[in-house]
Amino acid sequence: MSTDLGLHPLVAHLPGMIYRCRYDAFWTMEYLSEACYALTGYPANALIGNRDLSYLDVIYPQDRQKVAQEISQSLLDNRAWTLEYRIQNAQGQIRWVWEQGIGIYQENELVALEGFVADISERRQREEALHQQISSTEAELRHQNTLLNEYKKAFDQSAIISKTDTYGIITYVNDEFCKVSGYNREELIGESHSITGHPDNPVGLYQEIWQSIRHKNIWQGIIKNRHKQGYAYFVKTSIVPILDSQGHIIEYMAIRHDVTDLIEKEIKIQQQITDELTGLPNRLQLMEDISHCSHTKLALMNIDRFKEINECYGYQQGDFLLKELGGLLSAHFSYAKVYRIHADLFAILDINNAYTDTWISKLEGWLTAIEDMSFGHPDESFTLSMTVGVSLEQTNLYLNAETALCRAKEQRRNLLIYDQGINLKQQHIHNLEWTKRLRSAFQEERILVFAQPIICNQSAKIHKYECLVRYQSPEGKIITPFHFLDVAKKSRLYPKITRTVIEQACRYFSQRDEEFSINISLQDVLDHELTDRLFAWICEYAVANRLILELVESEGIENFREVNRFIDKVRAYGCRIAIDDFGTGYSNFEYLLKLQMDMIKIDGSLIRNIDKDQNARQVTQVIVDFAQRLGVQTVAEFVHSAEVHASVCELSIDYSQGYYLGEPQPLDTLVIQNEK
């Protein structure tokens, strides 16, 4: 088969060979255009049907496997192929060719390959020559750049440049120097650098600089300068003596880089380890100090019924009390280091390795002294008592002191030293008692679901509710999960609590229009029986489009594949996902990108003092800005005052939640509450 299928005039003028072949090991040709001879040196009839040789024989041996693999893969992908390879013509010459081809199918069965092959040897030669020329040029450029880098070495560290003569008189400044200092060239040239010097620089700094550079040494350091308008800025400075061919100093060049932002960040870091209200070191500093202490003791203490003081006398009086206590503690424990951890919780770290008896005696003396003091206004004074937990063991120093403080409160003791044996026994008794209470509560239907309103900051209306679990004692007292949730997890009652909340919430809100959210822990997500019930209730009560599932950020759930599968399934049902307590755990933004949340609930630790704490406000602003870029809604938790709510609205947070806007209420009172 060697005819040109009626296309002879067109085919004859193509700059290459047209072929049709079988898909076999030899590329057996069924048709070849007359250009075969010009391309390969063989007449078409010699190759058709492999009469004298096959096309495989023409392909250069080292390229045969590559050609076969590329064509095979293209057929698998059902696409055309384009490739370049070498052939050996009848004269023994190696030629480069370009091929484009496609599989021909009849009734979904491959019957042949058709394509076009052209000689590109001259193009390849030009490309190789060009490549060699480029390589040669690049080598020359690299050589020139090396020389240029040597010439510019003095300028690489900074863009703020000045020159002085050997007496220190300025002879040159660049534009950046003028910009940073606020002076123009006319004001600077002819003056010494004292014109920009700051009086806060150490005495002897300039003497040190001159002593170094006059000995032909490069001086480097950070200098505090003063702008023309009076404010300070910091520059990282390198002063280089410039020598003539005889090795004599002819001038000095100063190369500077503005590091004001870095210095201010260091100052900000210092502020981050300091409690803004009291000026005491905070929890971050305490943990850092503990990590550097080999033998120490720690006491944690807080004010008994501090919440009542805030409620009776106001937060302003409460803050004043905390500042006063910070000063009193620092004076009483002058040999130790005092910290404010949060709220009314203070820490005392023994940094001088006092004897244990002396340490305990000092703590007891403090407890006695504080009870004899009066606080507040003379016409409206009050007294205080405090509770102390002490840890004397180096392992888990903070955790043990915290445990001792909790046990002291439970036992109504003003001071308790951590002891592992006593702690375990008391913990065991506590757990057994709460397990008994919870089992009884399930039987008597005293595990209740409350709901707290979440307010839209634009409309000032209730937009959604968060469902919260509560325990009701036989006497009718409502108790928050802080007191029993850990016990429930240890006694395997936790899944039952979660199921109760989910079922009651879905049933109740199926009759309402508002959105509602339910907290889901990592333990819940990994419980397949529970998640199966969750999705069953979502379908049964038809609440998918209004249900938000809140995942706790501090559990590090982004690292679990099971969590990602759960989130995908939740979204498939039409529900949304929120991060709860954002800002207390990992708080990294990769977390948001990885899990693709719909909503962020900013933790109360950031919100509660956002009207006064600039650090908390800045961190919150970063979170809000990032969330807005991702199209993620934000909720502020712990909105407890009008001032805090105003700050939340200023930051463009979408929703607010807190006691100032509405306390958690039983589900059956929500209708009445809204009607009122």
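Using the three backbone atoms N, Cα and C, a Cβ is placed for every residue, glycine included.
Residues or ranges marked as domain 'PAS' in TrEMBL: 31-78, 165-216. Marked as domain 'PAC' by TrEMBL: 81-132, 216-271. The domain 'GGDEF' annotation in TrEMBL covers 294-420. Under the heading domain 'EAL', TrEMBL lists 431-676.
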#### Entry: DSSP-assigned states of the domain 'PAS' (165-216) in counts, ordered helix, strand, coil
23 helix, 5 strand, 24 coil
## Note on the structure
The average per-residue pLDDT within the domain 'PAC' (81-132) comes out at 93
### Message
Using DSSP, what is the helix/strand/coil residue split across the domain 'PAS' (31-78)?
### Response
30 helix, 4 strand, 14 coil
